[in-house]
Amino acid sequence: MGETFAYKEYLAGLLAGVATVITGHPFDTVKVMLQKHNTEAHGIKYKNGLHCTARILQTEGVKGLYRGATSSFVGVAFESSLLFGIYSQTKQSLQGGGQSDVPRPQVIIPSAAYGGAIISFVLCPSELVKCRMQIQGTDSLVPKFSRYRSPLDCALQTVKNEGVTGIFRGGFTTLLRESIGNAVFFSVYEYVRYYMHLQLKPTLSDHSNLTDMGIGIVTGGLSGVAFWSAVLPLDVAKTIIQTAPDKSSTSNPFAVLNSVRCPVPLFLLIPIALPGSNTRAMFSKL
């Protein structure tokens, strides 16, 4: 029974990861472009997400919104599968094998933080490649002769020029983002889901699959807002660290944030960062 449950969680995470990239990658591209261009001293400054999207569509078409998607499909699908599996199994272990419908923060928070920390080692290289590919658009300050031809070329060139540790640049920031963010995400998800079922129970004797999906969409949306509200500054720092042309530049996220002067307030990036986070929860209870 436990093995079947674990298998379902890993499968759910895999499907959620694929769905996240399909629906959310264009938004992620816009987010990364805003984070990169609007914090640099030189180059074009985007007024907002809509302006950035229009620029990409005008100069590169729809394919420009999917730059770096290949590494995302591999990284996010694998990461999401691991996250759900590790979270569920760790939660079971901390519960001592007993099942409880009542959310327990002493179980949820360490399970989610541990899962987030583990998957950061998978996510960091794929996100580094993704971000470096995403900033190679028409408005990029990266010279055309030094641009990467593909995600694989990006990974190989990074290792060649910066060593194996170069592919893990921004790893500490990624670990902080994922451990803190997922602790917030799953806490909100578990509590909102529990109380929604509690409120619906008197009126619905039998919860249909449609109702469960509706609850998943609501809880996923709220959890996604909570996730990005908590860690968006760290995500900005991660983008800047991973796309810095100078490999000797600081990897300290707090030093990076202290030096950032962004004309677009960070909280305005939350609606852009959000799509895709919702998908996680929809698939988490297959």
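Yeah, the Cβs are placed from backbone N, Cα and C, and that goes for glycine too.
Among the ranges 65-87, 249-271, the one that TrEMBL lists as transmembrane segment is 65-87.
The average pLDDT for the repeat 'Solcar' (4-93) in the predicted structure is 82.
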